[in-house]
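These notes concern the structure reproduced below.
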Ligand SMILES: NC(=O)C1=CN([C@@H]2O[C@H](COP(=O)(O)OP(=O)(O)OC[C@H]3O[C@@H](n4cnc5c(N)ncnc54)[C@H](OP(=O)(O)O)[C@@H]3O)[C@@H](O)[C@H]2O)C=CC1
Ligand SMILES: O=C(O)CCC(=O)C(=O)O
Ligand SMILES: [Mg+2]
């Protein structure tokens, strides 16, 4: 049997010894990857008595790639991930003036990994700035290929920005660029197609995991044709493709207008009682307040790229910080996926064997679940719970916990392996 993961009729076929490319990452990348991969290997070994084993294949990106090949993101890396379908990575620093805006964004865009999936949950004992961190249980679906991350931006003073501003003023009749001589300009493409595939993935996830609601988060009151479009296309798709499985706030509004508020409330209550998913929306600014004040009202969150970036770090803070927040970038159609930590390279901690490896480790758990290796995934999750409850933690938790024993990144991995 080949050791390549393949997609057959939309289903992943995973051999017992799959080759999985990994990018170690820059900064703290080597420390957290060494720790996390040891734990993942030990969990797989324990869960399947050696019958299954990941064959890690290192591929290069970032500083290590540049030092070895002269390129920040070698074509060979993209080819290998393309070929082997599933990969995992540590954080990458974006080279200044390297011609690539962000290596992380480039990887997502070049492989068209349109969903950035970031589940947020609390582990017992993890210190948190909020009173009831256990109420935070959300799964973020962040659109990963559009929005201002498309990188269409022109620098102040450049001939390009002059051309764009001339076009806007002279051909489009734009009068409200406040300081046209000294403006930089960015362009924000948000499409119906991009929105639909993202929202579809979010609703499919809610159905599969019995989640009661999907919230479309946007700033459509101001950006009517981009973020407002996202909201409208999301509602339209929900009603068109999931008619009997969802009840939307757009439907609620229509009933309210025709028959009054009591009828609309009754229709929503009936839908909830029938187990339908409530598809609702929230404007991004108030959403950031409400995830603090009433987090248990939100389950699956679907949003655009920039909102999703902000929201995922804000939510991570509520459950212990980005040191423990996992993520995945997925194309559900082709089956390609790159699992990755949500934090960056934290350069001040590089090489100190100090930081928390949980973000990349729990991204590995998402990967094991994605492969269908649930037993190994559960072993790691339980071990993280057990280890944190025993108050053996890295600096980020130790500084916020009473009576904790602070250990190094590698020692935390040793403890996790012991507790598998
Ligand atoms: N996906 C990716 O690869 C990403 C890459 N980046 C890149 O990373 C670089 C640095 O970005 P920066 O804004 O400093 O953000 P970072 O996420 O790298 O670090 C910010 C702070 O978060 C905390 N932190 C980060 N990782 C961990 C961890 N594993 N364990 C414990 N605490 C952690 C530390 O907090 P404290 O100081 O409180 O201890 C750290 O100083 C930039 O080049 C950026 O572009 C950024 C985000 C994502
Ligand atoms: O690539 C980067 O530098 C930032 C990416 C980021 O912040 C994220 O994916 O959350
Ligand atoms: Mg971010």
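Glycine is no exception: its Cβ is also placed from the backbone N, Cα and C atoms.
Any TrEMBL annotation is an automated prediction that lacks curation.
As recorded in TrEMBL:
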BINDING   93, 343, 344, 345, 346, 347, 348, 349, 356, 395, 399  NADP(+) binding site
BINDING   102, 104, 108, 118, 142  D-threo-isocitrate binding site
BINDING   309  Mg(2+) binding site
DOMAIN    19-416  domain 'Isopropylmalate dehydrogenase-like'
MOD_RES   89  N6-succinyllysine
MOD_RES   102  phosphoserine
MOD_RES   231  N6-succinyllysine
Diameter of the D-threo-isocitrate binding set by C-alpha atoms, the set being 102, 104, 108, 118, 142, in angstrom: 19
Length of the line joining the Cα atoms of residue 108 (D-threo-isocitrate binding site) and residue 346 (NADP(+) binding site), in Å: 21
Distance from residue 142 (D-threo-isocitrate binding site) back to residue 231 (N6-succinyllysine), taken between C-alpha atoms, in Å: 14
Fewest other Cβ within 10 angstroms of its own Cβ, chosen from the recorded positions 108, 142, 231, 348: 348
Residue among binding-site residues 93, 102, 104, 356 with least C-beta crowding, 10 angstrom cut-off: 102
Contacting recorded positions for ligand 1, chosen from 89, 108, 118, 231 when the Cβ sits under 6 angstroms of any of its atoms: none
Top Cα neighbour of residue 89 (N6-succinyllysine) in the set of binding-site residues 102, 309, 344, 348, 356: 344
Between residue 102 (D-threo-isocitrate binding site) and residue 356 (NADP(+) binding site): CA-CA distance (Å): 23
